[in-house]
Amino acid sequence: MRILLFGPPGVGKGTQADLLSKEYNFTKFSTGDFLRGQISLSSPLGIEVKAYIERGSLVPDDIIMRLVRIFLSENRDGNIIFDGFPRTMNQALMLEKVLGEVDMSVDFAVELHLDEEEIMRRLLSRQHCPHCGKIYNNVTDIQENGGICSTCGHTLMKRIDDDEAIIKRRIKVYEEETKPLVDYYKSKHVYRSIDASGSRDEVFNKISEIINEYTDKK
């Protein structure tokens, strides 16, 4: 099964992808994680990616799709969840082509949605661990760690891009570049919409219902 999780910043895509990975044994593809992985390996592609990042440039789509090909070659037999990818129509079309090359397709494209006020509230309350990358939120998570990462023990920090003006720009970019995917995946009859305003577990249960209904029919 191949699932896409997309939505504006702050809706909990990464959190839900992690929960689904554990519950259903999905392998998660996160563009940022995979880019960092290739860089840490000092692979030829990682060296190329690092050069773009050090220049402050966006990594071109053709390089992103080369990463996707590597990922798919390593995960042909299992369930896959794409976390926040694709971000644009061009990436969606390229992903469809690359999946087709290995006889795969998208089973579900799940959009998590929230109103802007709630997005702002969540992101302005967010902290992350600079060491392992785990994200914590004072709105959606019960904090019992005293500002310390429960995974690796490092001190939590506020992300630089969790600033009100930057958040508004990120929402605008989502509306302009990613929102068009809704109509595209509706035309493929794989689009599902989830209200992400509930708790982490409530949102997870809604996504699980979609997955369970699909697997019951198989």
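Cβ atoms are placed via backbone N, Cα and C, with glycine included.
Values in this document were obtained by computation on a predicted structure and should not be read as measured data.
Sequence-distant contacts (6 or more apart, same chain, Cβ under 8 Å) of ARG126 (ATP binding site) comprise GLY10, ILE135, TYR136, ASN137, ASN138, LYS158, ARG159, ASP162. The ATP binding site annotation in TrEMBL covers GLY10, VAL11, GLY12, LYS13, GLY14, THR15, ARG126, ILE135, TYR136, GLY198.
For the region 'NMP' (30-59), the number of residues in each DSSP class (helix H, G, I; strand E, B; coil) is 22 helix, 1 strand, 7 coil. TrEMBL lists 30-59 with the feature region 'NMP'.
Its own atom aside, the Cβ of ARG87 (AMP binding site) has 17 Cβ atoms within 10 angstroms in the protein chains shown. The AMP binding site feature in TrEMBL is assigned to THR31, ARG36, SER57, LEU58, VAL59, GLY84, PHE85, PRO86, ARG87, GLN91, ARG159, ARG170.
The region 'LID' feature in TrEMBL is assigned to 125-162. A mean pLDDT of 77 is what the model gives for the region 'LID' (125-162).
Summarising the annotation, TrEMBL assigns domain 'Adenylate kinase active site lid' to 126-161.
Look at TrEMBL and you will find CYS129, CYS132, CYS149, CYS152 tagged as Zn(2+) binding site. In sequence order, CYS149, THR151, CYS152, HIS154 constitute the residues six or more apart from CYS132 (Zn(2+) binding site) in its chain with CB-CB distances below 8 Å. DSSP classifies CYS132 (Zn(2+) binding site) as coil under the three-state reduction.
Cβ neighbour count for PHE85 (AMP binding site) (all protein chains, 10 Å cutoff from its Cβ): 22.
SER57 (AMP binding site) is 26 Å away from GLY12 (ATP binding site) when you measure Cα to Cα. Packing against the region 'NMP' (30-59) from elsewhere in the chain are residues 14, 17, 66-67, 70-71, 83-85, 133: each is 6 or more residues past its ends and has a CB under 8 Å from a CB in it. Sequence-distant contacts of GLY14 (ATP binding site), defined by Cβ-Cβ distance under 8 angstroms and a gap of at least six in the same chain, are SER30, ASP83, GLY84, ILE135.
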